[in-house]
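These notes concern the structure reproduced below.
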Ligand code: UDX
């Protein structure tokens with residue numbers, strides 16, 4: 001098959017590379033010329049395990065092409081993936097301008113019956129909008145071409161996106177068309193050879209499935225974070241509660257880790273968008289609003305613990321921060337709890353020395369240059385370097401090298417033996433033995 005993927009962000013690039021790997025010819029289109037030039041040279045805009053090899057090898061094998069114009073791919077392909085961004089607008093609703101513009105271009109260029117597959121996360125009814133936009137263009141061109149619009153949401157996780165695409169739990173396909181059904185079945189057959197994982201449903205059902213999946217996962221996290229707050233007041237350890245409830249198969253162990261809040265490009269955006277969709281439809285999303293509110297509170301929790309410990313006096317202090325990315329395995333800092341913490345600390349007059357295995361460059365783009373120049377914020381090269389003369393260590397992202405640190409070395413480096421653990425990585429018994437003061441999430445503080 002010859003396929004076009006429009007948008008080379010996480011979803012688009014992973015989709016394009018994985019489909020090319022299965023022997024298809026894929027044209028990846030992006031309006032950003034720098035991005036396209038870099039991709040041709042094997043320079044990727046994102047860090048994602050295995051993706052660089054997949055991109056370079058398939059590009060070299062002439063199966064994966066990069067271009068800035070849809071025109072270049074149109075004569076070869078009649079299957080189009082739309083994978084452009086749907087960023088939140090001011091009211092939290094998904095901004096569909098890029099999706100609509102791509103639909104307009106497709107409608108203005110296609111010359112053969114086509115299948116247009118929407119992979120971007122979009123509100124219910126967007127497939128209809130794409131359909132209408134393409135039809136309008138065809139009408140203007142006086143062409144009577146048949147085409148199908150399919151909703152095929154992506155469930156990839158950053159840090160394991162290639163693996164998720166290659167071994168999907170399920171492939172959701174929203175379509176009413178038999179032709180589109182066949183195309184999608186053929187396209188995904190190599191990924192699900194041993195396990196039939198295609199689920200067909202209506203277009204609107206598929207669009208809602210994506211939002212509901214992310215909102216459910218975000219709800220699990222906010223629920224645990226809410227219980228964690230209560231645990232802190234009742235001398236209960238949320239980690240024991242987590243294991244206790246996770247063993248119930250109806251609940252399960254996944255996504256019930258209390259922490260300093262969820263971040264990333266999906267959960268915050270999609271929960272906000274779903275709230276906005278509800279409001280547009282005169283429906284009060286009480287639970288979703290609570291999920292969002294709890295997460296906002298949660299992202300402030302590390303700062304609040306430091307404020308409590310230091311009696312509101314953070315000015316002039318220095319804090320070591322371990323982990324900047326919104327989760328391990330990625331350099332993505334979008335909506336990361338580290339951003340909320342660092343902003344609060346610096347605004348309170350404190351200094352921050354931060355370390356992250358791969359998100360250093362993202363951090364340099366995230367914060368004002370002035371903070372680096374004035375050494376309010378320093379990004380250091382090693383985890384122990386961050387601790388030198390710091391008044392506390394705050395663990396924000398649970399990268400593996402942070403899990404079993406050399407506590408003795410840490411104690412020597414820090415001004416105070418104080419750890420604030422935003423991901424409950426440490427065993428309170430060991431922490432006590434090592435002589436640290438310790439704050440976790442949903443567990444009682446330990447005083448050295
Ligand atoms: C998520 C969905 O998992 C994926 O299916 C969807 O396609 C895109 O959004 P991703 O954003 O890559 O993927 O991150 P994920 O691994 O789901 O983690 C999201 C956030 O939740 C992270 O900040 C993580 O630290 C936090 N989290 C996760 C918790 O706080 N507790 C948990 O138990 C699990």
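Positions of Cβ are set from backbone N, Cα and C atoms, glycine also.
Residues 30, 35, 86, 121, 158, 334 are recorded by TrEMBL as NAD(+) binders, and the candidate that the same record lists for that site, out of 220, 269, 400, 408, is 269. For the substrate site, TrEMBL gives 155, 156, 157, 158, 255, 256, 257, 258, 259, 263, 327; the one candidate out of 210, 351, 353 that the record lists there too is 210. Among the binding-site residues 35, 121, 256, the ones whose Cα is located within 10 Å of the Cα of residue 266 (active site, nucleophile) are 121. The closest partner of residue 263 (substrate binding site) among the binding-site residues, by CA position, is 158; the full candidate set was 86, 121, 158.
Taking the Cα atom of each, residue 210 (substrate binding site) and residue 86 (NAD(+) binding site) are about 13 angstrom apart. Binding-site extent for substrate: residues 155, 156, 157, 158, 210, 255, 256, 257, 258, 259, 263, 327, maximum pairwise Cα distance 24 Å (rounded to the nearest whole number). The Cβ of residue 258 (substrate binding site) has 29 other Cβ atoms within 10 Å, all protein chains considered. Sequence-distant contacts of residue 30 (NAD(+) binding site), defined as residues of its own chain at least six apart whose C-beta falls under 8 angstroms from its C-beta, comprise 6, 7, 8, 12, 36, 39, 66, 68. Once the Cα atoms of 30, 35, 86, 121, 158, 269, 334, the listed binders of NAD(+), are compared pairwise, the greatest separation found is 24 Å.
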